[in-house]
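Quick notes on the structure that follows.
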């Protein structure tokens, strides 16, 4: 198992990676820790990709366990190296690629996993939780998690119970094979929470019994160090502690190589072995040559301990406990051992010889089977490589054909482009010739127009001179008119001043009591005259109120109903009535009466409409001439002045 780990105190960090060969859990882990060596840690097993399920699992852990316990979080992932590596549009097994190619792809896998793990670390740092990341490599995820729990002494573990798409409210136990395997095989001292879609599915408390089917966990360092009994040299494979018995029959196929044997006399025969990790399916031809081919006494190919007590199917690994003097140097030498004093021992020896003969036959048969298996593997490999080579040659031929076709296409396109350029240049030349002819024609026409324009310039010079004389005369006339206007204006001002003085003298003799002749109408009379102020008799509406046409006391009148918000009380209304009753002018409508009860004014009705109607030419009436309009403006100004004077304005 390979492992690399990184610690983060709320942010990112650099992690160091160390790989162990042979799959043994002897990875060297580099940790960057501060002062939290003894603090409690919660391990969270996440998938390699920063997927939705991984984010939800880590979120649940941060909220429900890490936040409550105040522990640091270790984001752990078991990486399964790919056995099929994509290359040249296909996939190849790692055994068919060069070591540097496999190493490069493994580095790419690790960088990809590191990137996703950094995203998990960033998720933890956003919640301000101290975190580390730990990545291990194993061919089986469940086995990797179990080994991780054992190696690191994990006391709290959070992992997924199943894929999020398999979640249901009725789920009470984990469903995935990985979760079930960890539940059965993980160390009993570890408390495990199984979560799915941010919901707690099942909790295995610490101290819960572990299934008896659990596989033996490998130690962090090798506990086997066996010496060969023949040469005293250390065994090449010493990475896992073997515990328990290996059950197999004598006719079972032996798949191990490089085995050491030892024989002990007199009554028991023990064959002790150690295994290398060399497989008979290796693609190198040297792997078969490394397998010894000899008779049983010198053969090193067995994987079981054989006894003379019935040759039971059970066998076990053991270490030698006798001196070299107790070791039988050769089976054939044992056949010549004779003890005239004890026939029983001779019979036992003969029985052992028969056993060795049978074992030798079995191992010879197994060697043949191994050779056949290896030959078949090599034939299969060659059969698999031939289509690949043919495919490569076909691809090379296709590439060559494609290149030639591409070059031919490029030449044709270049020729077509050149022809197009030539044709375009011809068209441009024709267009230039046509433009030249057009320019010559335009120059001829412009010469003719120039002569005509020069003649007109002379004519316009005389006209301009006449206009200048006329302008001077007009200016003189305007000046005289301005003088006359100023004179008339002065006379008008004097007349207005005299009229104002006369009005003041008249006002002194007239009191407000003389103005009470205006008729006072009731609200009921106005309602009857206007059909209760119906819109059918409404003839206008302004900012001060609405105007209705009505028939009042045998007379057609115009009734104006003032808006209440425009008046400040009955006193102001009466003052307005007094002012309007005193003003008389040809351009002003005569006030006939008022209604103080409803703030209404009764005017004489003008059948021809108002000034606004005449200006808008309502009912196809002819427009007013400018003389009439000027006279109306002057009269309106005078009426406004009188109204202002009548309302108490200052002079």
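Backbone N, Cα and C define each Cβ position, glycine as well.
TrEMBL entries are annotated by machine, without manual review.
Note that the structure is a prediction, hence the values are computed from the model and not measured.
Sequence annotations record features per position, and here TrEMBL assigns region 'Disordered' to 1-24 (among others).
The region 'Disordered' annotation in TrEMBL covers 281-325 (among others).
For 296-307, the entry in TrEMBL reads compositional bias 'Polar residues'.
Here TrEMBL flags 312-322 as compositional bias 'Low complexity'.
The coiled coil annotation in TrEMBL covers 415-505.
Taken from TrEMBL, the feature domain 'Protein kinase' covers 533-651.
Taken from TrEMBL, the feature ATP binding site applies to 560. Listed in sequence order, the residues of the same chain lying 6 or more apart from residue 560 (ATP binding site) and placing their CB within less than 8 Å of its CB are 544, 545, 546, 547, 548, 600, 601, 602, 603. In three-state terms derived from DSSP, residue 560 (ATP binding site) belongs to an extended strand segment.
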Secondary structure content, the domain 'Protein kinase' (533-651) (per DSSP, counts of residues): 48 helix, 30 strand, 41 coil
